[in-house]
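K.L.:
Got a structure for you, questions after.
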Amino acid sequence: MFSLKPPKPTFRSYLLPPPQTDDKINSEPKIKKLEPVLLPGEIVVNEVNFVRKCIATDTSQYDLWGKLICSNFKISFITDDPMPLQKFHYRNLLLGEHDVPLTCIEQIVTVNDHKRKQKVLGPNQKLKFNPTELIIYCKDFRIVRFRFDESGPESAKKVCLAIAHYSQPTDLQLLFAFEYVGKKYHNSANKINGIPSGDGGGGGGGGNGAGGGSSQKTPLFETYSDWDREIKRTGASGWRVCSINEGYMISTCLPEYIVVPSSLADQDLKIFSHSFVGRRMPLWCWSHSNGSALVRMALIKDVLQQRKIDQRICNAITKSHPQRSDVYKSDLDKTLPNIQEVQAAFVKLKQLCVNEPFEETEEKWLSSLENTRWLEYVRAFLKHSAELVYMLESKHLSVVLQEEEGRDLSCCVASLVQVMLDPYFRTITGFQSLIQKEWVMAGYQFLDRCNHLKRSEKESPLFLLFLDATWQLLEQYPAAFEFSETYLAVLYDSTRISLFGTFLFNSPHQRVKQSTEFAISKNIQLGDEKGLKFPSVWDWSLQFTAKDRTLFHNPFYIGKSTPCIQNGSVKSFKRTKKSYSSTLRGMPSALKNGIISDQELLPRRNSLILKPKPDPAQQTDSQNSDTEQYFREWFSKPANLHGVILPRVSGTHIKLWKLCYFRWVPEAQISLGGSITAFHKLSLLADEVDVLSRMLRQQRSGPLEACYGELGQSRMYFNASGPHHTDTSGTPEFLSSSFPFSPVGNLCRRSILGTPLSKFLSGAKIWLSTETLANED
């Protein structure tokens with residue numbers, strides 16, 4: 001219904017194989033025995049030898065020869081040839097350099113050059129011609145191309161059909177995670193790649209934090225105690241943990257334990273639950289220190305009982321507030337774009353970044369980006385979340401997020417509000433616990449929204465939009481976040497790996513039900529366990545080495561306990577507004593709800609400045625005036641890193657997340673450029689500060705603590721004594737704007753040097769028109 005089919009690939013000359021030159025004559029396919037590295041439960045279903053992976057479109061001299069393999073987990077290209085032009089590779093322990101998980105594949109296109117035929121392959125389809133070329137379009141914007149010039153035609157056809165079949169399963173239990181976990185239970189083996197696997201539940205298992213050696217586990221909110229600790233952490237004295245949904249007896253799309261107002265009895269909740277869509281009772285999210293609470297709730301479908309139940313719920317929330325403040329209700333369905341609109345915007349964004357040749361889009365790049373509406377929607381979610389922060393923080397009102405089912409838009413808004421209000425959720429462990437609480441356990445439909453089973457009518461990238469909005473905050477307040485944008489990008493990539501239970505199911509109940517059925521069919525004894533225990537995405541040691549995980553750390557971050565010394569005295573850290581700003585121009589004089597007013601919008605037609613939507617009907621002029629005053633006062637003061645942060649949401653401040661959307665486009669790389677250069681220098685400084693701090697602690701401490709300090713591992717990837725940095729005055733040659741990802745080996749297009757897009761990637765102001773860019777020196 002609301003999804004758009006992936007855009008059909010454009011087969012222009014830049015996609016066709018180049019004229020054969022002496023390069024091909026001189027490059028003989030290597031005849032060697034190449035074997036894949038398989039995970040437990042992974043099996044090879046088809047393979048073909050003498051395959052050529054295309055590295056560039058204008059020459060074949062960089063192409064690699066090897067074997068193309070399709071397993072029940074990934075497609076893998078195995079070669080002995082070194083990757084040309086590549087200076088650095090960020091290795092995932094689960095995937096090889098040329099591997100693509102099956103759940104990351106969006107579209108498979110086969111081509112026959114001689115017959116000038118092409119076909120988009122679906123599951124269980126027949127292929128009437130022998131393919132000479134295979135093009136794989138990935139969900140993360142990668143395009144990978146293989147040639148079968150020297151391969152057996154039947155073998156090439158079979159491997160193409162196998163990839164199409166296994167990348168588009170129709171049943172949840174056909175996803176690789178089930179085979180992996182089943183093998184683990186049968187073999188009683190708790191290791192993967194030699195690293196112990198997580199023992200957590202289907203929500204993903206607690207896992208350690210991103211840093212090497214971190215012992216802080218991510219709470220999964222699968223138990224009573226996790227919710228109770230969160231109540232105590234936030235000081236929500238008027239709320240209690242309720243267990244009426246144990247065994248999912250009330251709702252199959254809520255967690256077994258929920259937090260409700262203390263004044264509501266279990267019996268009342270059971271009666272009320274029948275009136276809500278999906279029986280999704282009000283679900284507590286978070287409480288402010290002033291007593292105001294953030295609550296999410298589905299619509300009341302019983303029209304006759306709607307007023308009565310709504311009044312009872314609001315009264316209970318009011319009683320839970322120490323000041324008995326009123327409740328502010330936000331109807332997200334009326335305020336924000338729906339999931340269909342978000343999906344349509346993402347499809348347009350992907351088509352702009354991937355499918356169209358740059359020569360055809362260069363003159364209309366800025367207006368085309370604006371027309372996707374992706375940045376507009378990111379801005380809309382940030383703006384509305386900031387307005388709710390005002391209600392909670394300044395007005396001391398409890399906020400109820402109301403949505404038809406309460407498991408899509410409310411996930412994103414509730415998470416953004418908490419990131420803005422609570423510095424704990426800006427740490428790595430806190431951010432992971434937030435995703436567990438507001439997405440995984442609250443019933444966000446990862447299976448459908450990520451389209452793991454190729455049901456495109458239910459697909460919508462709301463989780464990516466949340467990560468994008470979080471990146472906007474990180475970009476504006478870099479010192480307020482413990483994690484880096486690399487962490488956010490890798491987190492998004494992990495949703496496309498069908499090994500982790502975290503991003504595999506529509507609800508905790510579905511995980512328990514499906515895994516129990518699978519265990520019975522495979523004669524697996526579960527004992528007292530509630531379903532199979534899937535690997536945890538939060539156990540990052542499954543995917544990356546301790547050294548690589550240090551790239552998750554943000555060198556800008558100033559922890560709450562970190563002091564700074566001024567004039568010989570220790571003071572808490574506070575940044576001025578000027579030093580905080582990473583924006584392209586100052587804040588305009590007329591600020592309205594965090595955006596510039598109509599009279600200050602630039603009139604340029606191709607501008608990316610996004611015009612404000614009309615304010616919600618429920619807001620009065622007085623509320624608008626109060627909100628405007630709150631934002632104006634907040635932005636006039638120095639920002640407190642350990643308090644509230646608010647986004648600047650004018651068009652000049654909402655940017656395209658280049659690392660996420662352009663990292664696989666070779667032409668978009670800026671060698672020795674991009675934000676990574678600043679990241680590199682600041683990492684060196686942060687590492688030096690850490691070393692000096694350890695030395696000071698060793699001087700002041702006893703032998704035991706001094707010994708511990710000496711063993712402390714650097715939290716920075718780049719450090720003065722590390723293997724990746726020998727000259728502190730220079731920049732490593734492998735750095736580029738795509739770091740730590742390498743786009744080499746993905747489908748290349750013609751050069752874009754000198755075009756508006758290349759200037760945009762180099763940091764040109766996005767509100768300038770094509771004509772202005774053309775006139776720049």
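Each residue, glycine too, has its Cβ placed from N, Cα and C.
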K.L.:
Among S225, S433, S607, S738, can you tell me which residue Swiss-Prot lists with the annotation phosphoserine?
P.N.:
S607
K.L.:
According to Swiss-Prot, one residue among S237, S292, S589, S751 carries the annotation phosphoserine; which one is it?
P.N.:
S751
K.L.:
Could you please provide the mean pLDDT value for the domain 'Myotubularin phosphatase' (221-661)?
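P.N.:
Over the domain 'Myotubularin phosphatase' (221-661), the predicted model scores a mean pLDDT of 86.
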